[in-house]
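One structure is given below, encoded as structure tokens.
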Amino acid sequence: MPIRIPDQLPASDVLRTENIFVMSESRAASQEIRPLRVLILNLMPKKIETETQFLRLLSNSPLQVNVELLRIDNRPSKNTPTEHLDTFYRQFEMVKGKNFDGLIITGAPLGLVQFEDVIYWDHLKTIMEWAKHHVTSTLYVCWAAQAGLKLLYNLPKKTRKEKLSGVYHHKIHHQYHPLLRGFDDTFLAPHSRYADFSPEFLEEHTDLDILATSDVAGTYLATTKDKRNVFVTGHPEYDSHTLHNEYIRDLGEGMEPAIPINYYPNNNPDNPPCASWRSHGHLLFSNWLNYCVYQQTPYDLDHFSEDAFTKDD
């Protein structure tokens, strides 16, 4: 099934060249079906690149998804044209009266910044609190996962001494959990973060189901019992060259970044990297849309009620 996005969104041309079924708003308006409504709060600096990555994953589903893009505030962006933000992004005031089937909160390059020093921290807290009453399932990615754990469980910020960067092996737990349907016993996924997500720490201080872990990277995938809050500590949405671009950026800024682990052939940055996590990323998002969103959400979003959700699978 298609993904529905605004007719002139730049990502539409990219996705169509990849033979991804993108439906224009005008065509979708003539269909008499109940599409899912998903809101993406894009916290990454390069908005167009990030929105394209997430739309690519959302498109690989038999469900029609109507996507709205949300910006955290109206500050000018150094990496995204103002015209693009004004045309395709909503302010929170424009959506807070609505209900959504799903919310995705992206990562942000704030790994070494204390939460209270994040300029939009109070506004982010407002949005996350709003989501409890207006969104069926929220997917927190990388830095957003750490922020969500702070707000939902009051967990302190834990930071690694060295940045975790590369593609890591993970193993699954709770094999028959809906989010893991179709997963291999082990899989690869990229990480790019300072945050530390120890499985033992999460088990001690939360009631989360920890679904996938790495001996090196720690917790990768966890969810609340009712599947309304899903935490992904890595970047399954990343393109094959995203880690490379970050590595080159850090080199250019005079830093001494380690070469991303298990990423370049022969561990040589001169060799073009290959994405070894693409199928995992598509399956994860398909499962989230199907089992956490579609099969949980009310048909009539105007009758959204927290009481409708149970904590059992």
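Each residue, glycine too, has its Cβ placed from N, Cα and C.
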Of Lys163, Lys171, Lys225, Lys227, residue recorded by Swiss-Prot at the substrate site of Ser192, Arg249: Lys163
Of the recorded positions listed as Gly111, Cys142, Lys163, Arg249, the one whose CA lies nearest the CA of Glu237 (active site): Cys142
Which listed residue (Lys163, Arg249) has most other Cβ within 10 Å, given these are binding-site residues: Lys163
Rounded Cα separation (Å) that holds between Ser192 (substrate binding site) and Gly111 (site 'Important for acyl-CoA specificity'): 10
Closest of Gly111, Cys142, His235 to Lys163 (substrate binding site), Cα positions, recorded positions only: Gly111
List of residues, in chain order, with Cβ under 8 A from that of His235 (active site, proton acceptor) and at least 6 apart: Gly107, Val141, Cys142, Ala189, Pro190, His191, Ser192, Thr242
Secondary structure of Arg249 (substrate binding site) (DSSP, helix/strand/coil): helix
